[in-house]
Amino acid sequence: PFDTSHRFCTSWLLPPGLLFGIRALLALYAFFETFFNLGWTGTHYGQAGQSFSYFTNLTYWGISFYMLFSALHTGTYWMTGRPLLDRWPRVLQEMHSILYSTICVFPFIVTIVFWALLYSGFADEYYAWYNISVHAMNSVFALFEILIPRTNPLPWIHILPLIILLALYLAVAEITYGTQHYYVYSFLNTSTNGKGVVTGYCFGILIAMIIILAIVHGIQALRKWVTERKLGMTGKFSKRDR
C-alpha cells in the first residue's frame, strides 16, 4: 500500500484544513507568478517562447503543480477522510512521490547557482520581484514541504530519476542552442568556457544535487525522529479519517 497513514496529506504541526489552505495559497501565488511572467516577457520582450528553456522556470512549474495537487489531496483528505491520492493508480502515486523529491531538491540548486554564478543585479522592479520569487521564495516553498508535512525522508532510489531529469534538461539546453543559437546559461557556453570547464560545471551540479538530496533526507529523518518519537506529535488528522 502507498502512504497508508496519509503522510503526504498531513502535518505533525498543522491541522489538515490549515495545511490545505497554505498549500492552496502557495499554489495560487506560484501559478500567478508563472503566468504573469509569461505575459510580461511576451508583451514586453517577445521572449515568452524561451521560458521553457530555463531550468529555473521548469522547476517553478514543478513547484506550482506540486502545490496544486498536494492542496487537492490534502483538501479531499480533510473533507472526506480519504485523499484523492489514495484513489490514484500506483504509477501516479509514485510519480507524485518523485515530484515531491524534485521540489525538495531542485529549488536549492536553482537558488545556489543563480546567486553564486549568475546574479549581477536587478534591471528593474519587475526583475527584482521575478528573481526573488523564483530564486529565493522557491527554496522557502521547498523548506516548508521538507519541515511541515509528515512525509518520510526522500527515498535514495529517487537519485536516479533526478539524475535523468537533469540529463534531459541538458538536452533541452542543447536543443535551444541548436535551434535558437543562444546558451540558456552562460556557464554552459563551451565557446567561452571550454568543454572541460562546462563538463566540470555539469558534474559539480550533479554532485551538489546528490549532496542536497542527502541533506534533505537527513533533515526529514531528524524532523520525524524529534516530532514523532521525542515529542509524541504523530500527526493531526481529519475528523473523518477512519
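Backbone N, Cα and C define each Cβ position, glycine as well.
What TrEMBL says about a protein is an automatic prediction, not a curated fact.
Predicted, not measured: the structure shown is a model, and the values here were computed from it.
Under the heading transmembrane segment, TrEMBL lists 12-32 (among others). Long-range contacts of the transmembrane segment (12-32) within the same chain: residues 60, 63-64, 67-68, 70-71, 74-75, 77-78, 141, 144, 148-150, 223, 227-228, 233-238, each at least 6 residues beyond the stretch ends and with a Cβ under 8 Å from a Cβ of the stretch.
Feature annotation from TrEMBL assigns transmembrane segment to 58-78 (among others).
Same-chain residues lying 6 or more positions outside the transmembrane segment (98-122) and placing a CB less than 8 Å from one of its CB atoms are 8, 55-56, 59, 62-63, 65-66, 69-70, 128, 131, 134-136, 138-139, 141-142, 145-146, 151, 154-155, 158, 161-162, 165, 185-187, 205, 208-209, 212-213, 216. Per TrEMBL, the feature transmembrane segment maps to 98-122 (among others).
Here the transmembrane segment (128-147) has long-range neighbours at 22, 26, 30, 33, 37, 56-57, 59-60, 63, 66-67, 70, 100, 103-105, 107-108, 110-111, 114-115, 119, 122, 216, 219-220, 223, meaning same-chain residues at least 6 beyond its ends whose C-beta is under 8 angstroms from one of its own. According to TrEMBL, the transmembrane segment annotation covers 128-147 (among others).
The transmembrane segment annotation in TrEMBL covers 159-178 (among others).
Residues or ranges marked as transmembrane segment in TrEMBL: 198-219 (among others). If you look at the transmembrane segment (198-219), the same-chain residues 6 or more away from its ends with a CB under 8 A from one of its CBs are 101, 104-106, 108-109, 112-113, 146-147, 153-154, 156, 158-159, 162-163, 166, 170, 187-190.
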